[in-house]
Structure formats: structure tokens, C-alpha cells
Amino acid sequence: MAMEFLRSSRRILESSGCAIALIFLLFIHGAHSFYLPGVAPQDFEKGDELKVKVNKLTSIKTQLPYSYYSLPFCRPSKIVDSTENLGEVLRGDRIENAPYSFKMREAQMCNILGRVTLDAKTAKAFKEKIDDEYRVNMILDNLPLVVPIERVDQGSPSVVYQLGYHVGLKGQYEGSKEQKFFMHNHLAFTVRYHRDIQTDAARIVGFEVKPYSVKHEYEGEWSEKTRLTTCDPHTKRLVVSSATPQEVEQKKEIIFTYDVDFQESEVKWASRWDTYLLMSDNQIHWFSIVNSLMIVLFLSGMVAMIMLRTLYRDISRYNELETQEEAQEETGWKLVHGDVFRLPTNSDLLCVYVGTGVQCLGMVFVTMIFAMLGFLSPSNRGGLMTAMLLLWVFMGLFAGYASSRLYKMFKGTEWKRIAFRTAFLFPAVVSAIFFVLNALIWGQKSSGAVPFGTMFALIFLWFGISVPLVFVGGYIGFKKPAADDPVKTNKIPRQIPEQAWYMNPVFSILIGGILPFGAVFIELFFILTSIWLNQFYYIFGFLFLVFVILIVTCAEITVVLCYFQLCSEDYLWWWRSYLTSGSSALYLFLYATFYFFTKLQITKLVSAMLYFGYMLIASYAFFVLTGTIGFYACLWFTRLIYSSVKID
């Protein structure tokens, strides 16, 4: 029996090592993931009209998006809202038509968009947005508008791109200390295109802008034929950065103008997003991978030592005992065989959390597969969030199945009650936090507030699809025969001896969460930067590697600590296995708090509440995901070792 256990343990460890090695090799060359465009390419002939769209105003200081036309910019005769998917609405996107008129490959200079005379209210609105460093986001042919910024990186010049341009800027006139607000009222657009030599048709591969603040002047009365003296296409006078800036004050007249330049590019349409997705910190990601792999190898060595040496020796010794007296003299994990599968306290709640963890695990895994295949690229705006929501809903089937299977193993009979709690506990907590945050956003009149129609759609996804699927999964899982325990449970619980200080439940649980968090914290930095500093994150190959390492780390650290716990004759492993790996969520939230105070510039109370509210939801989801991994690892481990020894 011992040799059979040894062989099975070796096979498991070898297959696990091969699996990790195979995954690593699969992604070592394509860690960025490849890109499948979210839309079909569109060809433009010379003179074709190009439709520019405006999106939300964004700020990393407030994290509150606003509609472009919430400020008194020049408007088209009729504002038309673009159709948006669920993810776009939840992100606060508000895509609308713009008054800009572009003709393909026809340069324009100093086009007058319109003029606005500021009153006290509009001047205050512009000043507030400038002070909060809001950026204007636009879209052309599904490409976001970027501002090119030249910088010197390691002695060589390079260009980085920032999404959107600032509404304005703050500064002082020469010789004055009084701070003034200036408006970016002239935009110099550059549209880059790739031309087909055979057909002469062109495809757009870049959309850039350089914003200027200029106090436009003109002679005579204002009319449709007015020519500006500060920017005149007839005299080829261009706007320059040294021009007198346009101040934002009450009763000031602001004239909005723009240039359009077209530049041919060697970049092909299929590669046009490379500029936006180009990452210059690959070395840091690889360091993260290597760092995490070192943790995995260390834990794998410990697990191998336990399973291939200690357990083999223990099982051989236990199986060779001749008398009951000799067995009673032994100490260690075998002594608790009659209690190790005793029903845990709050077993119903454990079933619910395990089912929810399976739902989270399935959602994350499938989402990453789609992301690596390119279906959730940034060109598919809102696609990532939409996919995660829909996958969460449909993974309810597996949540119900997992919770009811465990519930039946615990000899439960009321599977409908478990299915109900599985369908409602986690979503109810998340929804309560979400509704409070949404109310705060509504109070700020931000476009980030979820409309009632979208709210109804979310409720329908929950009650109309997710809940029934949880019950279907629960029914299927409960109908299957329960897994038998490898050993019988004694009627009278065994007394647990006094434990050493390092085996204290709270201490061991907190220690157990450090390594899983250590495996992901570097990648977590880039994810937080992407979310809260308005940058692209599209390195799902790296992320998938880290995710696999996280799974292995959670499983191994929990198994190691579970073994030490059983050797101390403490058989209350059910909840502790869940909390050991799940405690990594506590470190995630603490790191998010550290990130808030060291990297973000948020000053408003509402914005801070939004940040910590969303990070609380993320930490809660991380808790159930990692906790479930640790629980199943320990369940497999205990069933394996106790099925491999002779029990009299």
C-alpha cells in the first residue's frame, strides 16, 4: 500500500512539474499575447469623410468620468449617442458625435469650430476640470486619441503616448505670482494612414494631437466669414506654443480652432495598436515570473519531501505496527484518523464559499483564455468587463454543482437551501457595496453612474440567468453519489492537545497568505496602474503564467501547513485550509492601501471611497478564489494520505 502511494505521489508531482514547464514554454515566446482586431478594417478613399467621436472626460485625480458635453464645448447641430456594450457603460464611456470635420488625406489649417463666451458658471466648470487635470478623449476609426511626448530613455530619444489631451493648464504670467487657468482651444491633429499602392485606398493607423492655448484675435464684427489674425490659412500663419494663451475667466470669449494633417505611415493596419500596447518594462515582468517560480520550486521541494519521504516512512511504520498498544504509542497525523473527516462547524457556509470560489476560478480562467486569443483586446472597448460579467453568470452552473457536491459529502439533505445561499451570498455583498458606490457617483453627476436601464440588465443577469443556473448545477451535483470518506469517523471527538505558538490558527493562517500574495504582487502593481492611472494593460500571457503560479502556490502552501497541523494532532483543517490561502486577500487590500497613498493623487473623499470600495470587492473575490484553491488541495491531500494507511 505504501509503495502504491509512493508511485501515485511521484506521478502527481511529475505531471504537475511537466504541466508547469509546458505552460511556461508555450508562453515564453508570446507572453504579450497576440492581437485579433475587434473590428474589420475600413478603407478610405481620398476625400472621404472621417467621423470623429468624443468620449468621456477622465481624471486620475478624481476617478470620476464626465460626458464631453458636460462642459460648454462647441457642439454639432444634433448630438448622437453611439451604441455601447455593457462593459462600456459600466466604465463610464459616453461616446458621441463631434463637430470636427475631417476629409481623408486633405490637410486643413486653422478651421474655426466656434466660439463661446464664458459666464460665471461655465468659467467655474472649466476651472474645476482644469484644476483636477481632466483629459479629453476622442476616437477616430476606433483608435483613441493620443498625445505624443518625447523623452530620453537611457540616452536615446523615444516617444511615449498619453491617452487624451488636458482640458487646459495652470500657470502664471511672467512677473506675476497669481495662478491663472488657460484653455487648450486649438488642436493640431495628425492622422497617420497606411496606403495600398495598388488601390490607392488608405487605412487609418494613428490618431494624434498637440493641444495649444492661444488667445485668438480678429478684426471687425464676428461673422461666418471672419478671418483670425492669430491663425490664418491664407497667410499660412500657424499657431505656435509661444502665442499668448487663452485665459479662462468670466466674460472671456474663447474661439475654438483646429488643424488636421495627414501623414503616410509604414505601420500596417493589423499592427496599429502596437504603439498603444508597447510595454517597455518586460524585464520587470520576467523578474516577477522568475521570483514567483522560485517560490513555487521552494514549496514544491517541501511538498516532495513530505510526500516522498516523510509520509512514505510514516505509512510504512504505521502499516508495520503489530499491536494496538504500539499504535497508541505513536504520535502524528495518523492518530487523528477518526476525526479528520468530522463535519466542520458552519459546514453550510463552507459549501457556499467553495461553490463561489469555483465560480470565480472558472470566470478568471476562461476570461484569460479569451484575452490571450485576442478577443478582449483594447480595440474591443468594454469587451473585457462584458466578458467577465457574462462568464460569471454562466459559471453559476459550476458554483451550484461544487457547493451541492460538498454539501452531500457532509451528509446534508437540503440542497435547495445551499443553492439559494450560493446564488445570493457573494453577489448580494458585492451588489450592496456597488449600489452605495453608484449612489456616490450619482451625487457627483458623473457619467460613471450606472443608468437605470443598465442596472435592470444587471439584475436580470443575476436573477434571470445566474440564479436558475446555480439551482440546475445544485440539482445535478446533489443527484450524484457522495464521495465516501477513506476512514470512519469516531462518535466522540478527540481532544486536541495544546499547540505550539507557531501552530496558532491565526498565526499560521496569516503566514500562509504571504507566499501566494508574493507570487502576484509585482503583476498587481501593473494592473492597479492600468485601472487607476488610465493606461492600457494587455500582457495576458504574463498574467496567465502568474495565475498558474498562484494556483500552484496556494495549493502547495496550504498542503504543507495542513500536514504540520495534522502532525500536531489538530484535525480542524477544513476552514483553516480555506483561510490559509484566502488570507492572501488581506495582503492584497493592504497593498492597495499602500498604493493609494504612494502612487495616486486622489484628494476628494468621494474618489477615495470609490477606490477603497472597488478594491474591497476585488479583495473579496480574491479571497474566495484563493481560498477555494487551498481547500481543494487539502481535501485531495487528506483523502490521499488517509486512504493509504491501514486502519484497524
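Cβ atoms are placed via backbone N, Cα and C, with glycine included.
What Swiss-Prot says about this protein:
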{"type": "SIGNAL", "residues": "1-33", "note": "signal peptide"}
{"type": "TOPO_DOM", "residues": "34-285", "note": "topological domain 'Lumenal'"}
{"type": "TRANSMEM", "residues": "286-306", "note": "transmembrane segment"}
{"type": "TOPO_DOM", "residues": "307-355", "note": "topological domain 'Cytoplasmic'"}
{"type": "TRANSMEM", "residues": "356-376", "note": "transmembrane segment"}
{"type": "TOPO_DOM", "residues": "377-381", "note": "topological domain 'Lumenal'"}
{"type": "TRANSMEM", "residues": "382-402", "note": "transmembrane segment"}
{"type": "TOPO_DOM", "residues": "403-422", "note": "topological domain 'Cytoplasmic'"}
{"type": "TRANSMEM", "residues": "423-443", "note": "transmembrane segment"}
{"type": "TOPO_DOM", "residues": "444-455", "note": "topological domain 'Lumenal'"}
{"type": "TRANSMEM", "residues": "456-476", "note": "transmembrane segment"}
{"type": "TOPO_DOM", "residues": "477-506", "note": "topological domain 'Cytoplasmic'"}
{"type": "TRANSMEM", "residues": "507-527", "note": "transmembrane segment"}
{"type": "TOPO_DOM", "residues": "528-538", "note": "topological domain 'Lumenal'"}
{"type": "TRANSMEM", "residues": "539-559", "note": "transmembrane segment"}
{"type": "TOPO_DOM", "residues": "560-577", "note": "topological domain 'Cytoplasmic'"}
{"type": "TRANSMEM", "residues": "578-598", "note": "transmembrane segment"}
{"type": "TOPO_DOM", "residues": "599-604", "note": "topological domain 'Lumenal'"}
{"type": "TRANSMEM", "residues": "605-625", "note": "transmembrane segment"}
{"type": "TOPO_DOM", "residues": "626-648", "note": "topological domain 'Cytoplasmic'"}
{"type": "MOTIF", "residues": "637-642", "note": "motif 'Endoplasmic reticulum export signal'"}
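The average pLDDT for the topological domain 'Lumenal' (444-455) in the predicted structure is 92. The transmembrane segment (605-625) makes contact with the transmembrane segment (423-443), as judged by at least three Cβ pairs under 8 Å among residues 6 or more apart in sequence. Shown for the topological domain 'Lumenal' (599-604): DSSP residue counts in helix, strand and coil, namely 1 helix, 0 strand, 5 coil. Long-range contacts of the transmembrane segment (423-443) within the same chain, counting only residues at least 6 positions beyond its ends with a Cβ under 8 Å from a Cβ of the stretch, are 64, 352-353, 356, 359, 396, 399-400, 449-450, 455, 462, 466-467, 470-471, 606, 609-610, 613-614, 616-617, 620-621, 624.
At the 8 Å Cβ cutoff, the transmembrane segment (507-527) and the transmembrane segment (356-376) share fewer than 3 close pairs (sequence separation 6 or more) and do not count as touching.
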